[in-house]
């Protein structure tokens, strides 16, 4: 039996479902939402983002708030390998793993010399199996961006979605899922597990799981 991690998709979006404006502005989270994000990070074994999130936000993906400051493994998924080794995620602890379908890139050896683990992948399900078998990842948090979230949802490789609705309207920009979309009845159904008004009083945090018939 193929074993894979339990996958939690976490995101904060505007009322109209955007992760960022068309210019890349993405400051949506209140301090309480940021703390919630870091607490979830501390409870998982790995946190994953796409390459564009690394290029635009330059995140460290470490745990800064909460009682448990244990940092998860950081995972970056890229097809092009258009990444700079000076980004925070590659120059600070803990370990970072890059999964790429462009393993022949001349940059691979440069990243390996800096201590970054680089793995070749063609399909997300193979990537998840590798994380489970070789990195002991049992719980994985996927933080974006929109293309990566779409791949997970399209391939039905998620277990839970935790989403915070921020009181902003962007009108255009990066959607929660950036992909070709579903057609009618093939779109997945979700079951609402929990709904909370944020401590700030102006945001709502929702937890969904896949609807089980």
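Cβ atoms are placed via backbone N, Cα and C, with glycine included.
Quick look at what Swiss-Prot annotates:
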| type | residues | note |
| --- | --- | --- |
| BINDING | 53, 57, 79, 80, 81, 82, 122, 145, 146, 147, 148 | NADP(+) binding site |
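Looking at 122, 148, the binding-site residues in this record, the fewest other C-beta atoms within 10 angstroms of the C-beta turn up around 122.
Residue 81 (NADP(+) binding site) carries neither a helix nor a strand DSSP state and counts as coil. The secondary structure of residue 53 (NADP(+) binding site), as reduced to three states from DSSP, is helical. With all protein chains in the displayed structure included, the most crowded Cβ environment within 10 Å among the binding-site residues 53, 79, 81 is that of 53. When the Cα positions of 53, 57, 79, 80, 81, 82, 122, 145, 146, 147, 148 are compared pair by pair, the longest gap among these NADP(+)-binding residues is 25 Å. When other Cβ atoms within 10 Å of the Cβ of residue 146 (NADP(+) binding site) are tallied across all protein chains shown, the result is 23.
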